[in-house]
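I have placed the structure first, in the form of structure tokens, so that the comments after it can refer back to it.
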Amino acid sequence: MQHLKPARSLALASACVAALWSGAALADPDLTADLVIDGELHIVTRAPSDDIITPNLPERYSGWLFRSEDTRAMEMDDFENPAMIAVEAGAELWTTVDGTAGQSCQDCHGDAEESMRGVRAMMPHVNEDGVLWSMENYVNNCRTERMGAEAWRWSGDEMTSMTSFLSLQSRGMPVAVQIDGPAAPYWEQGREMYYTRYGQLELSCANCHEDSTGQMIRADHLSQGQISGFPTYRLKNAGIVSVHNRFRGCIRDTRAETFAEGSDEFRALELYVASRGIGLGVEGVSVRP
Ligand code: HEC
Ligand code: HEC
């Protein structure tokens, strides 16, 4: 008797999922594809799973493996990659003086190729005060506390250009977020969220990105929902999409109220999702449909 209720709600949820699925078509990711940028820089798109973080994944796959050949090709050529425009705008902002202190990012940090190398691969991470911060928080903290400048909007053009530019400095490095020590409670919170069913459809992140990887949902080929490619240029939006913006979209698709970009909830979820991609290469700026 005790097992009846969960079993029933599971069946209900899968009925909802069935309504979304465009068919039983299963399209495997293309595991023969190699992500090589400009014929030079090889990016790891498959990484071993482990029993602690991703016990239910046989292997970790970048979202790139699930995309069409055309979309994949755009990311392999920096001239074709539309995200490079944002990277250039970010490089410009890096050297631009702003705020009452009369300083630019470069005045303190010098050459980003050196000072920001590897930073994206560790984000989000716990700051000196024990608070989990995303890259956007670090950037805005420097702006408001050190430069005397105004904070940028989380998904505004300046911020997404800057995070694109900063992420590019870690391109090809393996995702290596810290999940133990002071990060542990945040990671637990994020994991809890990942398995929570949201909205009228009662779907969790895991229902789609773990249980149904490889399936077609409407016109989309479901990936593992990794964030190693972020920030990403979405062809659909014709612009850069931040991690939290993407989370909002996915939660809204379950017809649920969503959390705000930059919220405690989304930063914790970001850490957990990042950890599911440990070992995958940072794509710097990816291209997605
Ligand atoms: C007045 C000096 C100063 C300015 C100007 C400044 N920063 Fe910082 N920034 C720091 C210091 C100090 C830290 C903390 C120590 C560190 O990690 O280098 C820091 C940390 C960071 C971090 C986190 C690095 C990490 O390893 O976790 C990022 C990202 C960052 N800054 C980006 C920027 C950006 C982007 C700008 C321009 C919009 C900027 N900073 C402007 C001094 C500055
Ligand atoms: C109803 C199914 C569904 C649910 C539930 C869902 N997503 Fe998604 N998600 C998608 C689809 C469809 C895409 C676009 C295709 C793809 O990349 O998988 C996507 C894409 C993503 C991407 C982009 C991956 C990339 O490589 O660009 C991330 C990250 C993501 N989802 C995270 C999440 C998280 C975190 C949750 C839970 C809060 C979630 N999703 C819930 C369907 C879902």
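Start at 1 and count along the chain as shown; that gives each residue its number.
Cβ coordinates come from backbone N, Cα and C, glycine included.
Annotated features in TrEMBL:
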SIGNAL    1-27  signal peptide
DOMAIN    90-175  domain 'Cytochrome c'
BINDING   CYS205, CYS208, HIS209, CYS250  heme c 2 binding site
BINDING   ARG246  substrate binding site
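Secondary structure from DSSP puts HIS209 (heme c 2 binding site) in a helix. Fewest other C-beta atoms within 10 angstroms, among the binding-site residues CYS208, CYS250, are seen around CYS250.
HIS209 (heme c 2 binding site) and the residue listed as 'substrate binding site' have their C-alpha atoms 13 Å apart, to the nearest angstrom. In three-state terms derived from DSSP, CYS250 (heme c 2 binding site) belongs to a helical segment. Summary of the heme c 2 site environment: with the site residues CYS205, CYS208, HIS209, CYS250 set aside, the chain residues having Cβ atoms within 8 Å of the Cβ mean position are LEU203, SER204, ALA206, ASN207, GLU210, GLY225. Around the Cβ of CYS205 (heme c 2 binding site), the number of neighbouring Cβ atoms within 10 Å comes to 23.
Note: the CA-CA distance between CYS205 (heme c 2 binding site) and ARG246 (substrate binding site) rounds to 12 Å.
Of all residue pairs in CYS205, CYS208, HIS209, CYS250, the annotated binders of heme c 2, the farthest apart have Cα atoms separated by 11 Å. Applying DSSP to the domain 'Cytochrome c' (90-175) sorts its residues as follows: 42 helix, 7 strand, 37 coil.
In sequence order, ILE227, PHE230, THR232 are the residues near ARG246 (substrate binding site), counting only same-chain partners six or more apart with C-beta under 8 A.
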